Amino acid sequence: MCPTCPPSAASASSENNNTDNNDHLVLSSDSSHPANLIPALCAKFWTLGWVTGTGGGASIRDNDLVYLAPSGVQKELMKPEDIYVLSLAAQATSPNPKQRVYLRSPANYKPSQCTPLFLAAFTKRNAGCCIHTHSHWAVLVTLLLERERSSKEGDEEKGKVFEINNIEQIKGFGRGFGKSGNLGYHDTLRIPVIENTAHEEDLTEFLEEAMDKYPDTYAVLVRRHGVYVWGENVHKAKTMCESLDYLFQLAVEMKQLGLPWITDIEPTIPTRK
């Protein structure tokens with residue numbers, strides 16, 4: 001699925017000023033091509049209420065090429081021609097967003113402010129896909145944790161991580177970066193929470209700190225904002241995002257019923273041999 005090799009990053013101009021716009025990087029009849037997958041994913045996420053009002057986004061890495069949804073586009077109307085493309089390796093020499101070089105830029109949009117956060121998932125976790133949603137269940141979970149933190153004055157860690165165990169859907173998550181297998185039913189899923197900032201790109205350092213502190217996580221919640229989820233490939237990132245949204249909704253409804261997220265349940269051992 002590797003697209004035609006692009007020209008070097010040095011030969012490409014920045015932002016929307018490309019003289020050769022390299023449209024061949026986003027035009028393909030292959031439905032699994034990143035430039036086709038991102039609009040399809042975003043249209044699906046829009047129907048779920050995850051990316052309303054142009055919020056949220058997605059990015060896919062194919063070897064060195066990174067494909068990104070643009071800023072300000074209505075996600076259900078996105079087309080392959082709207083996709084940005086950049087070289088991941090080139091970012092090491094131009095980390096400043098204002099100097100970021102794109103191999104391919106759409107004419108009518110601006111780069112997503114999520115770009116440095118997506119790049120963090122690719123560089124720090126070798127992810128193949130990163131998804132950002134404004135799921136209202138994710139936001140509600142962060143608000144519940146915020147309320148818990150305010151009621152536990154003096155405990156600085158309260159409200160900074162979402163934890164849940166003994167729920168079947170937890171099996172949808174891997175054990176962590178570089179580890180084999182998935183979490184089990186009795187394991188505890190932990191998703192760190194970072195505080196929101198006025199500008200999306202300013203979240204990057206806090207996202208990276210959360211990755212360092214919780215090396216096994218595949219997601220980071222942003223308080224009053226949404227969630228970032230990444231995976232080895234599109235399939236894993238998508239299914240973990242779906243599993244997380246299920247768990248967030250379940251967690252909110254459990255709180256309404258007075259049920260705890262963390263329980264001590266004895267394993268049921270089969271006796272039949």
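Cβ atoms here come from the backbone N, Cα and C positions, even for glycine.
What Swiss-Prot records for this protein:
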ACT_SITE  GLU168  active site, proton donor/acceptor
BINDING   CYS114  substrate binding site
BINDING   HIS132, HIS134, HIS225  Zn(2+) binding site
REGION    1-27  region 'Disordered'
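Cβ-based neighbour count (10 Å, all protein chains) for CYS114 (substrate binding site) stands at 24. Distance between Cα atoms for HIS225 (Zn(2+) binding site) and CYS114 (substrate binding site): 13 Å, as a whole number.
All protein chains included, HIS132 (Zn(2+) binding site) registers 30 other Cβ atoms within 10 Å of its own Cβ. You'll find the Cα of CYS114 (substrate binding site) roughly 31 Å from the Cα of GLU168 (active site, proton donor/acceptor).
A gap of 24 Å separates the Cα atoms of HIS132 (Zn(2+) binding site) and the residue listed as 'active site, proton donor/acceptor'. In this structure the alpha carbons, written CA, of the residue listed as 'active site, proton donor/acceptor' and HIS134 (Zn(2+) binding site) are 24 Å apart.
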